[in-house]
Each structure stands twice: as C-alpha cells, then as structure tokens.
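Trainee: Take this structure, written in structure tokens, and hold onto it; I'll ask about it next.
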Amino acid sequence: MAKTYDAGVKEYRETYWMPEYTPLDTDILACFKVTPQPGVPREEVAAAVAAESSTGTWTTVWTDLLTDLDHYKGRAYAIEDVPGDDTCFYAFIAYPIDLFEEGSVVNVMTSLVGNVFGFKALRALRLEDIRFPIAYVMTCNGPPQGIQVERDLLNKYGRPLLGCTIKPKLGLSAKNYGRACYEGLRGGLDFTKDDENVNSQPFMRWRHRFDFVMEAIQKAEAETGERKGHYLNVTAPTSDEMMKRAEYAKEIGAPIIMHDYITGGWSANTQLAQWCQDNGMLLHIHRAMHAVLDRNPHHGIHFRVLTKILRLSGGDHLHSGTVVGKLEGDREATLGWIDIMRDSFNKEDRSRGIFFDQDWGSMPGVLPVASGGIHVWHMPALVNIFGDDSVLQFGGGTLGHPWGNAAGAAANRVAVEACVEARNNGRELEKEGKEILTTAAAHSPELKAAMETWKEIKFEFDTVDKLDVSHK
C-alpha cells in the first residue's frame, strides 16, 4: 500500500526512537551526552538529536515520500544514565553509512555536530564518542607514514623521541630562531618545533624561517651523526598557500612539516596529509583550539572524538596532553585516547572513556605528543605513561635550563635514556624516579642543574573534565 502524506508536526520519537534496533556493522555509531530542557522526555530529546543530525526537520515534509526514509534516517536506539549526574543522560544513535561521503570527516562532523547543537530542546549537548565501521575507515587516507615508517626514516628505536618547542614562541628573528633550533638539536633532541601560532609574521617570514632552520638541522646532523628534524608549520590563510609552503619544505629537504588541524580546517588537513603520503613527508599535528570544543564536560566534542577524526584525516603526530604538566588531562581518559591513536583495535572500555569497539584495520597509528609544562622531574612518569612510541616535547623544560639550550637538551636526553634503561631492567619508574634521575645526574652536570632548577615546580590543579565512570 502506498504511503500517504500527513502534513503537520509530530513527535520525533514516533519516527526516530527505536529501542528495538540492533546496529549494523556498517553503521556509524555515536554517543551523545544530552542535557535536555526541563520537562522534555528523554526519548523525545534523544530522537530529536537523531533526527536533526540525519534526515529530520521540525515538521513532516511531503518529499519524505520520494526517498526511503527508513533506510537513511538516524536511529536513537539506547539511553543510559550518566554516573553521578542526573541532569543529563547518554543517547546512542546509529547512522546508516550511506548518509556520508566516503573519506570525508568534514561531512560526518557537519551532520553529527552541526545545527543540532543549537537545538532549543537541549540545554547542552556533547559528542562523547564515535564508532567508525571498518567499511568507512577503509575509505579514509589516514596517517601519511605511521609510527614504524617514521622510526625507519629517522633510524631511532627503543625510546620515546625528544622534542622542543622554540620559545619565545613569537618575536624571534629567523636567524636567532635557527640558532635556538641548532643548539637544541646538537644537545640531543630529535626534533625542534614551531609553536602553533608561528606562521609568517612581520618579524619572521616563513621562507626565511625555513631556510635558517634547515641550516640548523644540517649542521646538527653533521655534528651528531643522527637524523634530526623541525616541525615547519605550513598552516596558512589559504590551502593554496599552505601547499606552497609544504612544497618548499620538501624542496629544501625537510623531513617533517606541521599543521594546526582544527584552526586550519579538516579539509585542508586531509589534503595536506594525502600530499605528505605521496611525497614521503612526516606530518606533525597541533590541536590548537581543542579546549574550546572539548573542555566543557556537558557541551562540545570530546577530545577522543577529535583524536579519531585526526587519525582518519591524517597526521603522524598529535598533541595529546601530558597528565603531569600544565595542561588539562585526566589520566585514564588520556590513556584512552593514546590507545585510540596507536592501536589497531580499541575495545570498549568505560574506565578509559571508550564507548565502542573500534577497528582500524591496517591503518597506521599516530604518535602521541606530550607537551605543556613538563621538565626532567616529569620524565619517569612520562616514560611510564606514554611508552616508547611517543614524542616527549619540552619547550621551557629545555630552553629554560640555566646553562642554555644545548644543556637543556642534553639533560632531557640523559633523563629519558636513564628512565628507559631502568624500565627495561624492571624498575618501577614512578616509584623510583627520583633515585633513577639522581643516579643519572651523578654523571651529567646538565641533568643535575636541571633537577635543581625545577625541583619545586608542580602543576597540581584539579581536572575540569573528568570521566563520568568509576575506574575499575
């Protein structure tokens, strides 16, 4: 019997609330934390989120009869309480894969975090997690090189990589900037880095910076016999200008470039990642602006979602927080998104904030980057938390050394190697860290001076965005 059109407004839950639905392996699944307006039933507001983020609108429309609405609509299929917070609840929604353009995280996010976030029936809405089916993962390019290829390119194995963000982040001339890079690389760092807001300002145009930095890299490589790199930030006002800067970095022999993937845009990032893969370049990703989206525990996008988006869009490094430094980061939640960056399969684990199984197939992993207010005293905890497949990035913790940049780099190199050796010998880094560092400092005056300089520096503030579940 043909369907008939009934004009008017009906409740969302009549069409989009389907607790009997069993998600398909090909569905994209989303978990939202929903804070409804007072008096709005949970089922109605969950269905409204499903409708407004897929095929629905505020009224019935006759053009629904021209398509197979049952095939394309999003389905709210489950509701759960949020532990310890009765003002909100979790809504689980399944989206047919055919709703989304292949390989386009932009298209996925435009639907899932689009107009629905301004819906009046909601007081707040947060996208907590997404499950991308393997059928969709395979349409995405992913990291340009991946962890193993990067280690092979650099010929560095068995320890975390060491980096340093050049400070002051703004105001240095290109020549002095290159000098700071050289001193850090010569002292023992693997990488130095542009800060996220270093682009092409009047005090240091991008081409001048690239040239002086490459001179620093080549000189440090010749003196140390090690492969070195600097994250040259190619973020630009337009994607054409971004690609121009990337091409020049390749031309002068740079092994790695950098992009601010949120402020620069996901379309630009995907384009750049594909170019890096084609041209044998590594891609470092900064997450500038993430806290605007992810820090409010009731509204926005959780960082684990932004992590998944980056892995699909493409990047070889991603800033991940430190747990122990100056920036926000719950330990278990951080471990959860580190797993999302690196592992080929993530099992649902609510104790780490992971709501769905996630199969990445053969897609390479991303190196987590610990950066923000860290110094040598944090090294045992960082090595224990992040393991070998990571980048430990000390800006002030290198350049603030009382003897200068090279000494700061040497102190960090001695500290990381001492911690790795101690771990490999079965010692407990976070319990025995002070003894491990003190023993190493007996043979390293640079490390001893660093330990004395930062012995009282701590960042003991409570985390704003905590996991909603108890750690098991």
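Including glycine, each Cβ sits where the backbone N, Cα and C put it.
Just lifted these from Swiss-Prot, have a look:
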type: BINDING; residues: N115, T165, K169, R287, H319, S371; note: substrate binding site
type: ACT_SITE; residues: K167; note: active site, proton acceptor
type: BINDING; residues: K193, D195, E196; note: Mg(2+) binding site
type: MOD_RES; residues: K193; note: N6-carboxylysine
type: ACT_SITE; residues: H286; note: active site, proton acceptor
type: SITE; residues: K326; note: site 'Transition state stabilizer'
Trainee: Roughly how many angstrom lie between the C-alpha atoms of S371 (substrate binding site) and H286 (active site, proton acceptor)?
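Mentor: That separation, Cα to Cα, works out to 10 Å.
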Trainee: Which number gives the other C-beta atoms within 10 angstroms of the C-beta of S371 (substrate binding site), all protein chains shown included?
Mentor: 26
Trainee: Given the recorded positions K167, K193, D195, E196, H286, which one's Cα is the least distant from that of H319 (substrate binding site)?
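Mentor: So, of the listed recorded positions, the one sitting closest to H319 (substrate binding site) is H286.
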Trainee: Going by DSSP, is K169 (substrate binding site) part of a helix, a strand, or coil?
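Mentor: DSSP call for K169 (substrate binding site): coil, neither helix nor strand.
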Trainee: Can you tell me the CA-to-CA distance separating D195 (Mg(2+) binding site) and K167 (active site, proton acceptor), as a whole number of Å?
Mentor: 8
Trainee: Within the chain of K169 (substrate binding site), which residues six or more apart in sequence place their C-beta under 8 angstroms from its C-beta?
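Mentor: Counting only residues 6 or more apart in sequence, the Cβ neighbours of K169 (substrate binding site) under 8 Å are D195, N197, V198.
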Trainee: Determine, to the nearest whole angstrom, how far the Cα atom of E196 (Mg(2+) binding site) is from the Cα atom of N115 (substrate binding site).
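Mentor: Rounded to a whole number, the Cα-Cα distance is 29 Å.
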Trainee: Whole-number answer please: how many Å between the C-alpha atoms of R287 (substrate binding site) and K193 (Mg(2+) binding site)?
Mentor: 14
Trainee: Hey, what's the Cβ neighbour count for R287 (substrate binding site) at 10 Å?
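Mentor: R287 (substrate binding site): 24 neighbouring Cβ atoms within 10 Å.
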Trainee: For S371 (substrate binding site), which of the three DSSP-derived states applies: helix, strand, or coil?
Mentor: strand
Trainee: Measure from the CA atom of H286 (active site, proton acceptor) to the CA atom of N115 (substrate binding site) and give the result in Å, rounded to a whole number.
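Mentor: Each residue's Cα considered, N115 (substrate binding site) and H286 (active site, proton acceptor) end up 26 Å apart.
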Trainee: Helix, strand or coil for K193 (Mg(2+) binding site)? Use DSSP.
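Mentor: Strand, per DSSP.
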Trainee: Quick one: of D195, E196, which of the binding-site residues has the smallest count of other CB atoms within 10 A?
Mentor: D195
Trainee: Hey, does DSSP put R287 (substrate binding site) in a helix, a strand, or just coil?
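Mentor: In the DSSP reduction, R287 (substrate binding site) maps to coil.
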